[in-house]
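Report on one structure; see the data block that follows.
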Ligand SMILES: Cc1ncc(COP(=O)(O)O)c(C=O)c1O
Ligand SMILES: Nc1c(O)cccc1C(=O)C[C@H](N)C(=O)O
C-alpha cells in the first residue's frame with residue numbers, strides 16, 4: 001500500500017474512532033489549544049472548572065470569610081473529603097484516603113508505617129529496581145531510620161526475593177519510563193503470603209486504569225494528583241491506608257493535624273482514627289481546592305470506560321507508528337500485551353532528545369526521558385484518535 005493511501009486510511013479510521021468515542025465530549029471540559037498534548041502523564045491539562053473555583057477560594061473564601069472558611073468553606077475537612085473523591089477511581093471505599101503533602105512525603109509515611117506494621121524480626125525493604133528515583137531515595141532513608149536494609153528488585157522477581165525478613169515492598173503500579181503495568185493483584189498476594197506489607201505507588205495508574213485497592217487487599221498506597229487526575233502543578237498527593245490497618249498505622253510524621261484533638265493543643269500525641277491519621281500539618285488549601293474542582297470531571301465517567309479508551313489510544317498510536325515510521329527507526333519499549341500496559345507509549349530512539357525537541361516545536365508535546373526514550377502519555381479524558389494519528393505522522397516526518 002502506498003504511504004499516502006495508508007495515511008488517508010488511518011486518518012479515516014481516526015475520524016471513525018473519534019465519532020464513536022463516548023468520552024470525546026469531555027475534551028471541552030479542558031483548556032486546550034491545537035497542540036497534541038501527550039504529556040498528561042507528567043502534568044495533566046487544566047480543567048475548565050478550576051480557574052473559577054480558585055478565584056472563588058481566593059477572593060471570597062479567603063478574602064471575605066477569612067478565618068471562618070476553615071469551618072464554613074470546609075477547609076479543615078478537605079483532605080479527607082477530597083480523598084473520598086479519589087477513592088472510587090482507585091477502587092477504595094470511603095474513609096481510607098487522605099490528600100496532602102507530596103508523593104515523596106507520602107512514600108516516606110507509607111514505607112516507615114509499613115515497616116512498623118510488619119513488626120519485629122523483619123528488617124528488609126524491597127524496592128522496585130526500575131522505580132521513579134524519588135521512591136528509592138526515600139526508601140533508603142526510611143531504611144536507615146528503621147534499622148532496615150534496602151534491596152532493589154525488578155517487580156517480576158519480587159516473589160522469589162521475598163522471605164521471612166521482608167518487612168515492606170515498595171512498587172510502582174506503572175513504570176514511569178516504559179509504561180509497563182505491573183501485576184498488582186498477584187504481587188500483593190505474594191507479598192502477603194510472605195507476611196510482608198505492600199506499598200504501591202499509583203502515580204502513573206490512578207485516573208488511567210482501574211487499580212482495585214480494596215479488592216486486592218493492598219495495604220498502603222500513594223499517588224500524585226497532577227498527572228491523570230489533572231490537579232495542577234504541585235497539587236497535593238494522597239495516602240491510602242487500608243481500613244483494618246488504620247488503628248495500627250504509626251505515622252512517622254505525627255503532626256498536629258493528625259491528632260485526635262488538634263485544637264486541644266495537648267503536649268501528648270494521641271493519633272486520630274481513620275484516614276486523618278495520615279495528615280501532618282496545615283493542608284495546602286489553594287492547591288487542594290483546585291484539585292477538588294479538577295475532580296468534578298469524573299462525576300459521570302467510569303474508570304473502566306477510561307481504560308478501554310486508553311488501550312484503544314495506545315493500540316492506535318502503535319499502529320500509526322508502525323505504518324508511518326520507517327522500520328527500525330524507533331522501537332517500542334512498552335509492552336504490547338494489554339495486561340502489561342499502562343496509558344503511555346515509550347519509544348526508544350537514538351536521538352530521542354533532539355527528536356522530542358523538534359516534535360514539541362511542531363505541536364506534538366510528549367517528553368524525553370533519559371537516556372533515549374520518547375515518552376507519550378494518553379489521557380483518555382481529552383486526547384482523541386485524530387491527535388494520535390497526527391502525532392505519529394509528525395513523528396514520521398521528523399525521523400523518516
Ligand atoms: C512514580 C512516581 N513517584 C513519585 C513521583 C514524584 O513525587 P513528588 O510528587 O513528590 O514530586 C513521580 C513523578 O514526579 C512519579 O512518577
Ligand atoms: N512532578 C514533576 C515536576 O514537578 C516537574 C516535571 C516533571 C514532573 C513529573 O511528574 C515527572 C513524572 N513523574 C515522570 O514520570 O517523569
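The backbone N, Cα and C atoms fix where each Cβ goes, glycine too.
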According to TrEMBL, 103, 104, 132, 133, 134, 135, 201, 204, 226, 282 bind pyridoxal 5'-phosphate; which of 62, 256 is also listed for that site?
256
So which recorded positions out of 226, 227, 282 are up against ligand 1, CB under 6 A?
none
For residue 201 (pyridoxal 5'-phosphate binding site), what is the secondary structure by DSSP, using just helix, strand and coil?
strand
Might you list, by sequence position, any residue in that chain lying six or more from residue 227 (N6-(pyridoxal phosphate)lysine) with a Cβ less than 8 Å away from its Cβ?
40, 41, 42, 43, 44, 203, 204, 206, 207, 377
Using all protein chains shown, find which of the binding-site residues 132, 226 scores highest when you count other CB atoms within 10 A of its CB.
226
